[in-house]
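Here's what Swiss-Prot has on this protein:
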- 26-46: transmembrane segment (TRANSMEM)
- 58-78: transmembrane segment (TRANSMEM)
- 134-153: transmembrane segment (TRANSMEM)
- 160-182: transmembrane segment (TRANSMEM)
- 200-220: transmembrane segment (TRANSMEM)
Amino acid sequence: MEYILEVERNLFLTLNGVQHPLLDGFFYLISAKWTWVIMSIAFLFFLFYKKPTKEALFIVGAVLLSVLICDQLSSSFFKPFFARFRPSHHPDFIDYVKTVYGYRGGKYGFISGHTTNYISLALFTSRIFRNKFYTWTIWSVVALVIYSRIYIGVHFITDIIPGIAVGLIVGHFVYKVYLYARSRWLGASCPAHPSAVYAGDSIRLWTLSLIGFVFAMLCMSRQLTEILQYYVFLLF
């Protein structure tokens, strides 16, 4: 056990120690919840524009269910139950961990709520759309978000791994609930699978928009961070 803890400590400090001004802004932005508001609006537009309203509403409902379950599990159950300090608050790490722009997060970090939420949403949406381009893209973006939690110093690796497991379970559960509800209430009025509704140029355009958004954050990370820090007091 001591060996495992030492390995995790060294690996965490190595991953956390890869600091660069450009990456500071990028990982700070990609980790912030409010940064994704514009893409959330774009996602709603993608779901509803020239698509069956009921089909889109079922997907929105499933996404909200996923977020609700993940938030409750991570914030209301795991964090207060295990009460494990984040690296940025842990007495054994606080002098060694590198934070970004002074952000340290809440007191407890087990499990990672960001990881749980993003993994669940990635699994659910990749199963909904069944598009390889989108699947590779969304999982790549999720990997960046997960690493950002280590980079900015607010999660241990052992906060991340259980978060991945819980996210996969929740994502699978929500997908099954969605399929059941969809077949029961939409029935013969809808295609056999929602991927038929969102196939073709529609899903490709949404995926390219997602890639473009992440690339824009990387290219303009320092400028965007300065603007957001000036106008928004709380990004997370």
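Note: Cβ is positioned from N, Cα and C throughout, glycine not excepted.
The transmembrane segment (200-220) makes no contact with the transmembrane segment (58-78): fewer than 3 of their CB pairs lie within 8 A, with pairs spaced 6 or more apart in sequence. Distant neighbours of the transmembrane segment (26-46): 60, 100-101, 103, 114, 144-145, 147-149, 151-152, 198, 202, 205-206, 209-210, 213-214, 217-218, 221, 224-225, 228, 232, 234-236; these residues of the same chain sit at least 6 beyond its ends, with a Cβ under 8 Å from one of its Cβ atoms. If you look at the transmembrane segment (160-182), the same-chain residues 6 or more away from its ends with a CB under 8 A from one of its CBs are 58-59, 61-62, 65-66, 69-70, 73-74, 78, 110-124, 127-128, 146, 149-150, 190, 194. With a threshold of 8 Å between CB atoms, the same-chain residues lying at least 6 positions outside the transmembrane segment (134-153) that come near it are 12, 15-16, 18-19, 23, 27-28, 30-31, 86-88, 97-100, 103-104, 112, 114-115, 118-119, 122, 125-126, 159-160, 164, 203, 206-207, 210-211, 214.
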